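If you check Swiss-Prot, you get these features:
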COMPBIAS  28-38  compositional bias 'Low complexity'
COMPBIAS  39-53  compositional bias 'Pro residues'
COMPBIAS  54-67  compositional bias 'Low complexity'
DOMAIN    58-134  domain 'Biotinyl-binding'
REGION    28-67  region 'Disordered'
Amino acid sequence: MKNFKVTVNGTEYDVAVEEMGGAAVASAPAARPAAAPAPAAPKPAAAPAPAPAPKTTAAGAGAGANTVTAPMPGTILNVGCHAGDKVSKGDTLVVLEAMKMENEIMAPHDGVVSEVRVQQGASVNAGDILVVLS
């Protein structure tokens, strides 16, 4: 029987362990800790990426129209706007279900809905145009 002292969360316990039958197993020698690698030279900071320009449609929308796209694939649960509706920045345009979570897709700026390209129950991919604002 071997006795050990074990500390768990700051509390010390005396533990007795008895070997039960079977052949003795030779244990491997304790491995020495590997030498710590030399710290790498710090990399220069990368220049920040420019902010993406608002996405505009090539066809079917007037000049200055902006699109609201799906950020991820999913299913449209609710369309909360119609063509001709005036919307303010932050208004919920569409509710998209993705990975069993409801994601509110909001208006990026004030404007008028010129076209709604999805309907309730539609499946969309990331980048698909949901709503066109002007």
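Here the Cβ of each residue, glycine as well, is placed from N, Cα and C on the backbone.
Not measured: the values here are computed from a predicted model.
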Using DSSP, what is the helix/strand/coil residue split across the domain 'Biotinyl-binding' (58-134)?
0 helix, 38 strand, 39 coil
On average, what pLDDT score does this prediction assign to the domain 'Biotinyl-binding' (58-134)?
89
